[in-house]
Amino acid sequence: MSTHDQLKRTTMDYSPDRPKAENPLNIMDLTLRDGHQSLFATRGRTEDMIPVAEMMDEVGFWALETWGGATFDTMHRFLNEDPWERIRTLKRYAPKTPFSMLLRAQNLVGYRNYADDLALAFVERAAENGMDIFRTFDALNDYRNFETVVSMIKKCDKHFQGCICYTMTEPRLGGDVYNIDYYINKAKDLEAMGADSICIKDMAGLIAPLDAYDVVKALKETVKAPIHLHSHFTSGMSPMSHLKAIEAGVDIIDTCMSPYAYRTSHAAVEPLVMTLLGTNRDTGFDIRQLAQINEILEKKVLPKYKHLLDDSKVSIIDISVLLHQTPGGMLSNLVNQLREMDALHKIDEVYKELPRVRKELGQIPLVTPTSQIVGIQTVNNVLFDDQYERYKMITDQVKDLCYGLYGKTAVPIDPEVQKKALKGYSRGEEPVTCRPAEVLEPELENARKDIEGLAEDLDDVITYALYPITGKRFLKWKYGQEDPPLEVKARTLEEIKAEEELVKMAKLGLLVKKPEKEVPAKDAHIRKFDVFVDDRYFEVEVQEPEGMPMVSYMPQMPFAASSRVAPPARPSTPVPAAPAPAAPTVEDIEGTSLTAPMPGMIVKYLKAMGESVEKGDNVVILEAMKMENALPAPEGGKIKSINFSIGDSVAKGDVLCVIG
Ligand code: CO
């Protein structure tokens, strides 16, 4: 049993070389991962981390979180950066402080369970590239999903941090599922698995200060491993919860540098350093050194990302988690998805349906990927169900969940929903109860064969295996087989300034003025910028040397934040200025059209040209908001036209194929 010292003043010496506290609070900095993931859609580039990496290495952080979570996805998809290279680069600038990554257990850094061979290779390569601490979580808190990755973390002699995803069914800790005993039992399980530290992962900012106190105290009394608290600011409670957790003896707390703090991110480090100054839990940090880092971030880095900050609200607190327990990120996804489908007015129905869907799907915690699974199924139910039938359009991920592919849910899944979801399910209609990855075939060798000739090393193969479509596209960029589109290129501060000028001019109405000079011819190096002014969107083309900015068109489309955040944007004008991809004209083909019920990306066509289909056969897999949806044939017949290719983005209502 550990002793819990009250927080007390121990010195009046506040100099940077003040005496070390008896039990200094350890701090992990999240700026370089969760910070920009939470505030700037994970768009932080390595080149913008380098200016502060060396200084951050000097602060004395317990660890720097630099990788994992959504970074792998966004880097190769949107930033044309090799995710593996980031670890190696940052390590050169910050060699002293351990690096931590967020590992989604058997989901690795993706959105489904991967096979054991891929999971083992991924962890081994991450360790080899320089990762030290593996913060591991499973969305269902089913630790059987830890077994494979933990075996490799241990084999590589790295730090295994086991997470307990913090969730509730009541407004506060308690009730019959997520009560204090639940967390105590989970911590015992983690200790038995050899956890080097245990993290309470409060991804939605749900933990109330007194509950934080109770949970931390209970865990300190139950297990030996250090206790780490990760609590997002979203609801506004986290700084208070931090202090109560410190009183209960928490060992490590997560914070961000102040420009990357608050909103849906984390509390800032500086107020916490000041709060603990001169106490028995003093961090020992030099606040002036932190200020110097902030100065660089604020002036040299943040201007490049400010446009990604959600400034649609003045309040920095999102009370929806207090009202609906909907994690901040999930809520903005739901809103974007509804907006893209012109159904934003149904948000209240979504709030009402959400707890019901969550309960029917086994009262699961809401964290990536379960937050998307529950969220998107809820939206589907609200949009497509009628009074006679619920769950009319079930996503493949919900089917997988019902089959047991994600693991064991906190309470059993509603049998009726489960039966409906598994009707005709490809793996079988009887759910499994084993460790989910046991039913998965090895996949690394196939990936290696598929990408032969393009991948140069195992890291490339893994990138492809995790993300077959976008990973392959990235490897083509990496090895010069395809030119990356301009939108994945980094922008300079000068370009940002020019863009801000344009926004100013647009606001003053100056951009629509007729140019007095003759319009110069566009050259091949023209660059496009998306400029958002209130709810209007401008596409601005800029060219040098003497080209003048001009508005090429000005669609009156509602401001869709998701087009910058969610993966499948409509194909932005292809690079060699050509007309929109010429789909076969469907008007000429007689038959029934299968249209996209929502915007998304074509994952694959399950039927070929000329193939016969029965009504209800699945024809197309469409990825929308990271979930795959199988779209059934509206009528039987032969496939008469296939209008898109794999990887194409489609809008709602686009004709995907014609059956006749
Ligand atoms: Co987080």
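Heads up, the Cβ atoms here are built off N, Cα and C, so glycines get one too.
Among the ranges 24-43, 264-283, 564-583, the one that TrEMBL lists as region 'Disordered' is 564-583. Taking H, G and I as helix, E and B as strand and the rest as coil, DSSP gives the domain 'Lipoyl-binding' (584-660) the counts 3 helix, 38 strand, 36 coil. Here the domain 'Lipoyl-binding' (584-660) has a mean pLDDT of 86 out of 100.
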